[in-house]
Amino acid sequence: MEDLTPLTNLQQIPEGPPRKKKMTERQPLLLQSDASDYEGSRGSAARPVRSSPPNNTLVNVHSEDSLAAASGSGDDEIGSTDKSSYNPTHHRDLEHPTSNFDTLVHLLKGNIGTGILAMPDAFKNAGLYVGLFGTMIMGAICTHCMHMLVNCSHELCRRFQQPSLDFSEVAYCSFESGPLGLRRYSMLARRIVTTFLFITQIGFCCVYFLFVALNIKDVMDHYYKMPVQIYLLIMLGPMILLNLVRNLKYLTPVSLVAALLTVAGLAITFSYMLVDLPDVHTVKPVATWATLPLYFGTAIYAFEGIGVVLPLENNMRTPEDFGGTTGVLNTGMVIVACLYTAVGFFGYLKYGDHVEGSITLNLPQGDTLSQLVRISMAVAIFLSYTLQFYVPVNIVEPFVRSHFDTTRAKDLSATVLRVVLVTFTFLLATCIPNLGSIISLVGAVSSSALALIAPPIIEVITFYNVGYGRFNWMLWKDVLILIFGLGGFVFGTWASLAQILNDRTH
């Protein structure tokens with residue numbers, strides 16, 4: 001899954017907890033949660049909020065001080081009539097709210113990326129029928145976890161009387177209003193979520209780097225063969241220069257071109273997959289237990305769009321249409337699950353055990369149209385790297401800038417940080433040149449933590465004072481999802497690392 005929406009922007013405001021904030025659909029997806037800590041350590045009383053962010057970002061920013069102030073009137077007030085009657089959707093003053101259709105398009109864009117091209121490889125590790133039903137079940141569980149996060153956000157918005165919260169804020173507020181023994185860990189919970197978001201996006205950047213290099217190599221191998229590391233090195237310079245652009249307003253046309261190339265590439269890839277399909281008996285219906293964790297990692301990587309859910313719901317004109325049986329979230333995720341299942345099923349059926357980490361690498365090498373598909377997808381992912389990179393760099397940048405005093409030194413340190421982070425993703429891609437392995441590892445480590453482990457923990461703590469329903473059904477359901485997520489985290493990480501080490505020894 002990939003979240004192609006950039007995430008952060010910091011400003012300063014006077015003291016005092018806001019009760020009603022003006023927001024736009026251009027606000028960042030993630031709060032720079034720890035920026036106030038970094039600035040505060042240097043004696044500044046300013047807090048981070050939004051100003052005029054770039055045109056293609058989403059807004060949802062609160063300082064942790066304002067959240068603490070909102071809850072500081074006493075624990076007994078959390079369940080008071082005054083707070084229970086607070087409707088956060090009535091307090092969102094949106095400058096440019098998004099329609100249901102706009103939100104659906106953003107949801108699809110946030111979930112469909114390189115993960116969909118890796119689904120045939122996931123089916124290879126699961127077997128045709130295990131992959132078929134497993135992908136649908138995985139999609140249902142991930143969608144339910146998204147609903148859990150939205151419901152917890154609404155509950156916590158009422159308690160803290162805030163119009164909206166993002167993922168890390170939901171984690172913070174759930175612990176802050178949960179059992180007394182856990183409240184001391186509220187900041188830790190927030191930072192853990194932010195850390196996994198950082199790891200996820202850095203992982204996406206590594207996948208993007210390697211994906212582009214492998215597809216270019218596949219095209220050039222028809223004329224002249226070189227190791228993939230050479231192509232990675234050639235890409236490093238242009239990638240650094242592109243990521244020195246700080247204003248996302250200038251990258252809006254780039255994002256549009258990338259989206260158009262992706263749609264065209266997927267359409268042509270489908271036309272290749274659906275021609276001359278072999279019989280279903282030519283592939284394994286069920287794979288071995290040893291490779292099943294690799295399937296989990298790849299599948300959860302593809303479905304990990306939970307980071308875009310709250311920002312999209314927060315910026316809707318009619319947020320009540322987001323949930324529900326036929327709401328925007330269910331509609332979008334059904335489309336995503338069907339696409340993933342179709343690509344995985346027909347891709348594996350077409351190419352069998354010879355399927356690569358990206359289905360584009362299996363297209364006929366001498367065919368002009370297939371070469372154009374590889375080039376277009378490589379260019380699309382290359383251009384999309386900048387949007388993915390915007391997330392981790394803006395999580396770390398406030399911390400780095402806080403260590404310098406002059407504006408020139410701050411700007412220079414931010415530039416050096418960008419160069420270092422791009423180079424870091426280049427080195428990781430160079431060390432792990434197996435696309436399928438790195439996708440599975442990123443999915444197992446970070447995507448499972450955000451999509452399957454964090455939501456049930458947050459829900460259990462959020463509704464600790466409210467109750468878990470008849471027979472504690474909510475608690476039992478969350479425990480089962482948590483066990484499933486932890487199992488995938490442990491065994492998926494182990495299997496991915498084992499495959500990476502095995503590849504390096506051969």
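In case you wondered, yes, glycine gets a Cβ from its N, Cα and C as well.
Note that the structure is a prediction, hence the values are computed from the model and not measured.
Residues or ranges marked as compositional bias 'Polar residues' in TrEMBL: 1-12.
TrEMBL lists 1-95 with the feature region 'Disordered'.
TrEMBL lists 96-496 with the feature domain 'Amino acid transporter transmembrane'.
Residues annotated as transmembrane segment in TrEMBL: 126-150 (among others).
Annotation source TrEMBL lists transmembrane segment at 192-216 (among others).
TrEMBL lists 228-245 (among others) with the feature transmembrane segment.
Taken from TrEMBL, the feature transmembrane segment applies to 254-274 (among others). Long-range contacts of the transmembrane segment (254-274) within the same chain: residues 4, 56, 109, 112-113, 116-117, 342-343, 346-347, 350, 359-360, 363-364, 369-370, 372-373, 376-377, 379-381, 383-384, 386-387, each at least 6 residues beyond the stretch ends and with a Cβ under 8 Å from a Cβ of the stretch.
Below 8 angstroms of C-beta separation, residues 1-3, 5, 27-30, 58-60, 98, 103, 106-107, 110-111, 115-116, 118-119, 121-123, 125-126, 130-131, 134-135, 138-139, 142, 145-146, 149-150, 153, 164-167, 170, 197, 200, 287, 322, 328-329, 336-337, 340, 436-437, 439-444, 446-448, 450-452, 455, 488, 491-493, 495-496, 499 of the same chain, each at least six residues beyond the ends of the transmembrane segment (294-312), sit close to that stretch. Positions annotated as transmembrane segment by TrEMBL: 294-312 (among others).
If you look up TrEMBL, you'll see 333-351 (among others) marked as transmembrane segment.
As annotated by TrEMBL, transmembrane segment applies to 371-391 (among others).
Summarising the annotation, TrEMBL assigns transmembrane segment to 412-435 (among others). Non-local neighbours of the transmembrane segment (412-435) in the same chain are 118, 202, 205-207, 209-211, 213-214, 228-229, 232-233, 235-236, 239-240, 243-244, 246, 356-358, 389, 392-393, 396-397, 400-401, 403-404, 441, 499-500, 503; each lies 6+ residues outside the stretch with a CB under 8 Å from one of its CB atoms.
Residues or ranges marked as transmembrane segment in TrEMBL: 441-467 (among others).
Among the features that TrEMBL reports, transmembrane segment is placed at 479-501 (among others).
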Do at least three CB pairs under 8 A connect the transmembrane segment (228-245) and the transmembrane segment (192-216), leaving out pairs fewer than 6 apart in sequence?
yes
Could you tell me what the rest of the chain brings near the transmembrane segment (333-351), counting residues at least six beyond its ends with Cβ under 8 Å?
107-108, 111-112, 115-117, 119-120, 122-124, 128, 131-132, 135-136, 139-140, 142-143, 146, 269-270, 272-274, 277-278, 280, 282-283, 299, 302-303, 305, 359, 362
Beyond the flanks of the transmembrane segment (228-245) by 6 or more, those residues with Cβ under 8 Å of it:
209-210, 212-214, 216-217, 220, 251, 382, 385-386, 389, 393, 415, 418-419, 422-423, 426, 429-430, 433
